[in-house]
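Inspection log for the structure reproduced underneath, given as structure tokens.
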4 protein chains.
Amino acid sequence: MKKDVKKVVLAYSGGLDTSIILKWLQDEYKCEVVTFTADIGQGEELEPARKKAISLGIKPENIFIEDLKEEFVKDYVFPMFRANAIYEGEYLLGTSIARPLIAKRQAEIAAMVGADGVSHGATGKGNDQVRFEMGYLSMNSDLVIIAPWREWDLNSREKLLAYAEKNGISIEKKPGKSPYSMDANLLHISYEGLVLENPAAEPEEDMWRWTVSPEKAPDQSEVIEITYEKGDPVALNGVKLSPATMLTKLNELGCKHGIGRTDIVENRFVGMKSRGCYETPGGTIMLRAHRAIESITLDREAAHFKDEIMPRYAKTIYNGFWFSPEREMMQAAIDKSQEGVNGTVKLKLYKGNVSVIGRDSKTNNLFNEAFCTFEEDEVYNQKDAEGFIKLNALRFIISGKNRKKQGKA
Amino acid sequence: MKKDVKKVVLAYSGGLDTSIILKWLQDEYKCEVVTFTADIGQGEELEPARKKAISLGIKPENIFIEDLKEEFVKDYVFPMFRANAIYEGEYLLGTSIARPLIAKRQAEIAAMVGADGVSHGATGKGNDQVRFEMGYLSMNSDLVIIAPWREWDLNSREKLLAYAEKNGISIEKKPGKSPYSMDANLLHISYEGLVLENPAAEPEEDMWRWTVSPEKAPDQSEVIEITYEKGDPVALNGVKLSPATMLTKLNELGCKHGIGRTDIVENRFVGMKSRGCYETPGGTIMLRAHRAIESITLDREAAHFKDEIMPRYAKTIYNGFWFSPEREMMQAAIDKSQEGVNGTVKLKLYKGNVSVIGRDSKTNNLFNEAFCTFEEDEVYNQKDAEGFIKLNALRFIISGKNRKKQGKA
Amino acid sequence: MKKDVKKVVLAYSGGLDTSIILKWLQDEYKCEVVTFTADIGQGEELEPARKKAISLGIKPENIFIEDLKEEFVKDYVFPMFRANAIYEGEYLLGTSIARPLIAKRQAEIAAMVGADGVSHGATGKGNDQVRFEMGYLSMNSDLVIIAPWREWDLNSREKLLAYAEKNGISIEKKPGKSPYSMDANLLHISYEGLVLENPAAEPEEDMWRWTVSPEKAPDQSEVIEITYEKGDPVALNGVKLSPATMLTKLNELGCKHGIGRTDIVENRFVGMKSRGCYETPGGTIMLRAHRAIESITLDREAAHFKDEIMPRYAKTIYNGFWFSPEREMMQAAIDKSQEGVNGTVKLKLYKGNVSVIGRDSKTNNLFNEAFCTFEEDEVYNQKDAEGFIKLNALRFIISGKNRKKQGKA
Amino acid sequence: MKKDVKKVVLAYSGGLDTSIILKWLQDEYKCEVVTFTADIGQGEELEPARKKAISLGIKPENIFIEDLKEEFVKDYVFPMFRANAIYEGEYLLGTSIARPLIAKRQAEIAAMVGADGVSHGATGKGNDQVRFEMGYLSMNSDLVIIAPWREWDLNSREKLLAYAEKNGISIEKKPGKSPYSMDANLLHISYEGLVLENPAAEPEEDMWRWTVSPEKAPDQSEVIEITYEKGDPVALNGVKLSPATMLTKLNELGCKHGIGRTDIVENRFVGMKSRGCYETPGGTIMLRAHRAIESITLDREAAHFKDEIMPRYAKTIYNGFWFSPEREMMQAAIDKSQEGVNGTVKLKLYKGNVSVIGRDSKTNNLFNEAFCTFEEDEVYNQKDAEGFIKLNALRFIISGKNRKKQGKA
């Protein structure tokens, strides 16, 4: 029972799979197809996508190619890093954070061109389908969503290739193309499939596309300084940089020094465990640096509250609920805490390690040398600690006395 | 106004500071002093402490020297690592976790020898005073606590040395002794003071006593395999090891490969920020390994609940509340979750990096290859995802329709 | 595409809807049907269900009628009340807590009789379908589940009645039968549908079936005393009672005094808001009484930790995840806290009000009169409060000094 | 060792205790005393306080009497009620919420008059000392704080009276004055001491000063309608009211109908349990009404997130940390959620009961009748529930299959 749809905006990469989808949409839904290709830093030429789209019969005015890198880093990546977000202790949410932006823009283009449908190339087993569709429905709950992987019967590589061949879609692989299922943007690149489907097995070294291995990284460490304003990195080694440029530069540094590889088994929202390998070079540096600048500028209880809601915040993003009221509530709390997170962090990069070696804040330094010395001072009176401890222990003292009364001590 | 006390059990290291305290207790309180020196893996000979105590007039039957290493790792370190506990995103709680055990044993000795008081050498500015005293009062709420650093006027290094000299306490430093304020046990060694009091400054390389630097670590990586039972590591490379031996071996491996250095500014319970450097070589390996074995054996929501209560659990230990009802409640929940955390983890150690390269479980593997392939399967029906997404999105659809009705979409 | 199933255990009430399902299963699936009717205190005769089943062709050995009241209260209701569980601030989870038990028993019967399928009469719009099916799948993940309301085309009252008539199923209503959609068990009775679908409208007085209105309740208040052991009520006015008897008696008292009516709009797990009216007379008394006995016997931080995880615990039950690892983890924590929750509570019942007028514990009273008097005492030294406050305020003092330094104070 | 202070702003009620403090400050500290008396709705004439102050030698320009009722309700009470804040399941925080405002204003007056000190009449055993002093120190960390109850030796009623007599302070009680230790403001009145120090004993009826008992309340119920804007009540029965007027009117209604009495044992921040009786008539109505308007206008996950942080929010206020970064973070999240909380609630008041009988929202109603009917509809497809349930259950299915493989099912 096909849905009724006239014009569909497709998230289009220009690759084989979304080209097949493009064709399939035309054939099965008899609908007009609008392609949307976003540059979010995946590191691929986008003009070939235009050519390919035209070759598949898409009208030039129906081809949208946009550079979203600055918006991506400024409005998605940076807010997320203010929270020190990590999913399940390991994953920096590189794919999760990019989907909402693409979905939002796709829905906006649908409104502009008068489309009544949207489509994406995510499979029916993963998280991305959820992230895309939550994004669409948050923007416009009337959009018809077409998820070909859940609908068609092209459910094997062989059938796909046969379909492509039959429809004149070129299936030649670029030389050197990875055999893994991959996703990339300015924050990270991910790998799934093949040997990774056995969590006991190590991936081969040449799977990793961005970073050098720690073993091959320079023998010489490198020290960098990042400047923070309201919790966001704004300058590198004293040079002001736009958000996307900042992340690009940090990626270069991380890649050079073998920083940011992770190999994990994670829990998908749709219910199964899945193995993924990730490279998040700049993000790994930012996470450490942000915690370091917070360590001298952020109030203790503000920091602890952030830590306590962080797992929920990370899960919310992982599961695809970026545009939800609960994410906005948590963001409001987090952003409130970042007003005083200003200063600089010095880091040493060396063969996979990111070490904090200094942090400073001219304006918001809550670290007070005077409090830590072993000599007298007038601000902190050691005798105060006795009362502090006694009242904190009072509940134990009372229950202890009760146990004694009961002869149970 | 001195407290009335007859017999005091002192946590005694044999070093200068606690020797001064020993003398000061005898002089100021006119009380009998019992010394308690615990081996929790700090890596120092303890027999000199006995000699020193005798030289200060302590009766042989009042000198207690005990090896608590196995109890320490089995009943304190391992339960804590089941929780993946980290304080403020960075600190593995190496000092925090040792204090309760010492305090508990001190209170038990007090009961054995009929002492009415206990004393420790922690200053009035730190967390350790709280941890000791919470431990004492949890065990026996009637104990008189003497915290000399909060009471005496020996509040400068000069006065202390003068007092020692006057009382014939040897003040000669061991050659090569560190100028930093340090604490060590089988889980970690910590450094405070001196240059560290400026959080913008990097400590000199020779401060670190346990690990080699990543730079000086071997150029050859090393692969190890850890076996887990109910969330605890029980074998290394297939060889069963007792808890303390396990941690000792992991420390050796970590030290050799430059693993486990941290340099942080943390928030003390008593209210100020403080800079500390830590080496936790074996603990750093265990944290990563434990998360890895959990990643294939632990249910998703169990894992997420653990992550959500972890910051509170870590804070509870950091603040000194190990023996509290709330820690026991959280431990009960955590331990419940670990029944199925059984299997092996393979890790690669290289110049400061601990990389997971494989995890397996013969008995509790919840990772199912079949679910991840891109081919058909009978367990997971991709079409189910549509209903899953639709109902998860229903609240957005409804609020979207309401916004449209209001002309606000 | 019908599922292949040979023998199905149906949760059977004996009413019209499940009788239609029974027939429909026989016709559509050509399968043997086993009926399971549980007495969980819904207050209806069960033998008519047997007769009805036989009249529909069920073999006597395929009819299971069981009294689960004691198990229901002891292993489901009481553990839940230890947590002071309330969903969304108002709902005492009366329906949610009964479904897992029925589902579990249904799966056990399936194992006993060699059935490969299970079926229930919950609609496709509610929470109960989730609760039933989570229960089934937690017990036996291979069971085929048949949810007729999601499958058939009898999707209107008219079609249902026509189907019944065609198949000779009696559709005569019992005189006085409520027109509302209802569910009842020993913990509560619920109402949905009709006027309740307009949340601005008040239900008519005669909708309520169990309690008298506060207006019609006795003008004379009644004082009762409940005795608690390990967090569970074990005696009423000094008389020991089994769990089910206890709840029955408390229901009688609550009904008599107009206690426990609630009228709410709640958020269903499947995504929409829904209006429900509930009567939970005994449960409303128990909630208040349990908090009262905890108030003098439970440690502060244990109580606060319970309060902080309670909303999640309640949601877990509401959504149908009783048999989940996360519920078991939370339960382990909660049960740990209840070891000392022993004592008695005196309550006054009057026209809808449950007022605590006294609590006492011979063994675990942590309330200490001496601490509260305004006279001197030796346990609590008021001067200790100064140090306590100062160190708690230290972070404000430091940030205040920093603001002044910055000229921002 | 007296602190050095020249001019002290005293929180002055005009009663016996603070009059003694006034005199004691003059005598002991030889300082100039400035009195500050706030009208926060405690229901007492304030001009007598002026006379009394003058009689004790305070200069007219050093006497500050201010009406803070509107600020109190608008900026403290209402924001707190947006959170549905309840401490330990029962306490509506009536005293806790008033202290920060008084402390803040006291610190502001200190700045205006050039005072270097502040003083309050709270004892050393309670929470109020913490709340006052946290407020002072948050405003100005340099203020000298004088807490006479922790300093002087007037630690019995007898010594206090003797001091008063000696210094010519009138000790005659107003006729009918309560023997309980009380605190009142527009939100509530509290009682402590005397018979309440035995938690097993019920207070006598005439302790309660504000409300009639449910027994004496009218036999006729009363229906009211409250209008909400952004989570705050703005109109009663269609009449717009200022915040303080709103609360005053709701108090009148509550008092008339016997609403809002609570009798609890609570856990103080300073470590002991304490018995308190409270009357919060208007607040009790507002709590219920606010939850009701949220029930149709607030997103489910926003509501659940609010519920999960509420206990921490309530504790933060209870413990005196209103002006803390963590409270501001939580408030930012809560306020963010209230943008759509607009509409009306109808409530029935009757003999202690507040029953919601209707809720409506012209602009933000997320309750959709269409979703709840048992007939077909196009928005919600019952078949979607199958996929929803299956994927939610997938983790149980997988672990079940694993158990079977292990022969453990």
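Heads up, the Cβ atoms here are built off N, Cα and C, so glycines get one too.
As annotated by TrEMBL, ATP binding site applies to B:Ala11, B:Tyr12, B:Ser13, B:Gly14, B:Gly15, B:Leu16, B:Asp17, B:Thr18, B:Ser19, B:Ala38, B:Gly121. Residues or ranges marked as L-citrulline binding site by TrEMBL: B:Tyr91, B:Ser96, B:Asn127, B:Arg131, B:Ser181, B:Ser190, B:Glu266, B:Tyr278. Residues or ranges marked as L-aspartate binding site in TrEMBL: B:Thr123, B:Asn127, B:Asp128. The domain 'Arginosuccinate synthase-like N-terminal' annotation in TrEMBL covers B:7-169. The domain 'Arginosuccinate synthase C-terminal' annotation in TrEMBL covers B:180-396.
Sequence features, as recorded in TrEMBL, placed on the structure.
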residue: B:Ser13; record: ATP binding site; DSSP (3 states): coil
residue: B:Tyr91; record: L-citrulline binding site; DSSP (3 states): strand
residue: B:Ser96; record: L-citrulline binding site; DSSP (3 states): coil
residue: B:Thr123; record: L-aspartate binding site; DSSP (3 states): coil
residue: B:Arg131; record: L-citrulline binding site; DSSP (3 states): helix
residue: B:Ser190; record: L-citrulline binding site; DSSP (3 states): strand
residue: B:Glu266; record: L-citrulline binding site; DSSP (3 states): strand
residue: B:Tyr278; record: L-citrulline binding site; DSSP (3 states): strand
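Geometry remark: B:Ser190 (L-citrulline binding site) versus B:Ser19 (ATP binding site), CA distance 21 Å. Put plainly, the binding-site residues B:Asn127, B:Ser181 were compared by Cβ crowding within 10 Å, and the winner is B:Asn127. Of the recorded residues, B:Tyr278 (L-citrulline binding site) and B:Asp128 (L-aspartate binding site) place their C-alpha atoms 16 Å from one another. Between the CA atoms of B:Asp128 (L-aspartate binding site) and B:Ala11 (ATP binding site) there is a gap of 12 Å, rounded to the nearest whole number. DSSP assigns B:Ser19 (ATP binding site) to a helix in the three-state reduction. B:Gly121 (ATP binding site) sits 21 Å from B:Glu266 (L-citrulline binding site), counting Cα to Cα. Residues B:Tyr91, B:Ser96, B:Asn127, B:Arg131, B:Ser181, B:Ser190, B:Glu266, B:Tyr278, recorded as contacting L-citrulline, have a largest CA-CA distance of 19 Å. Largest Cα to Cα distance within the recorded ATP binders B:Ala11, B:Tyr12, B:Ser13, B:Gly14, B:Gly15, B:Leu16, B:Asp17, B:Thr18, B:Ser19, B:Ala38, B:Gly121: about 17 Å as a whole number.
Just so you know, of the binding-site residues B:Asp17, B:Asp128, B:Glu266, the Cβ with the fewest other Cβ atoms around it within 10 Å is the one at B:Asp17.
With every protein chain in view, the residue among the binding-site residues B:Ser13, B:Ser19, B:Ser96, B:Thr123, B:Ser190 whose Cβ has the most Cβ partners within 10 Å turns out to be B:Ser96. When the binding-site residues B:Gly15, B:Gly121 are scored by other C-beta atoms within 10 Å, B:Gly121 scores highest. Fewest other C-beta atoms within 10 Å: among the binding-site residues B:Tyr91, B:Arg131, B:Tyr278, that description fits B:Tyr91.
Take the Cα of B:Ser19 (ATP binding site) and measure to each of the binding-site residues B:Tyr91, B:Ser96, B:Thr123, B:Asn127, B:Arg131: the nearest one is B:Thr123. Checking the binding-site residues B:Ala11, B:Thr123, B:Arg131, B:Glu266 against chain A with a Cβ-Cβ cut-off under 8 Å leaves B:Thr123, B:Glu266. If you take the C-beta of B:Ala11 (ATP binding site) and look for same-chain residues 6 or more apart in sequence within under 8 angstroms, you find B:Thr18, B:Phe36, B:Ala38, B:Ile102, B:Ala103, B:Gln106, B:Val118, B:Ser119, B:His120, B:Gly121, B:Phe132. Ranking the binding-site residues B:Gly15, B:Asp17, B:Thr123 by Cα distance from B:Ser96 (L-citrulline binding site) puts B:Thr123 first. For the recorded L-aspartate site, residues B:Thr123, B:Asn127, B:Asp128 set the reference point as the centre of their Cβ atoms, and the other residues of that chain within 8 Å of it by Cβ are B:Ala122, B:Lys125, B:Gly126, B:Gln129, B:Val130, B:Arg131, B:Val270. In the predicted model, residues of the domain 'Arginosuccinate synthase C-terminal' (B:180-396) average a pLDDT of 95. Taking Cα separation as the measure, B:Gly15 (ATP binding site) is nearest to B:Ser181 of the binding-site residues B:Arg131, B:Ser181, B:Glu266. B:Ser13 (ATP binding site) has B:Ser181 as its nearest neighbour among the binding-site residues B:Asn127, B:Arg131, B:Ser181, B:Glu266, going by CA to CA distance. Here B:Asp17 (ATP binding site) is positioned 26 angstrom away from B:Tyr91 (L-citrulline binding site), judged by their C-alpha atoms.
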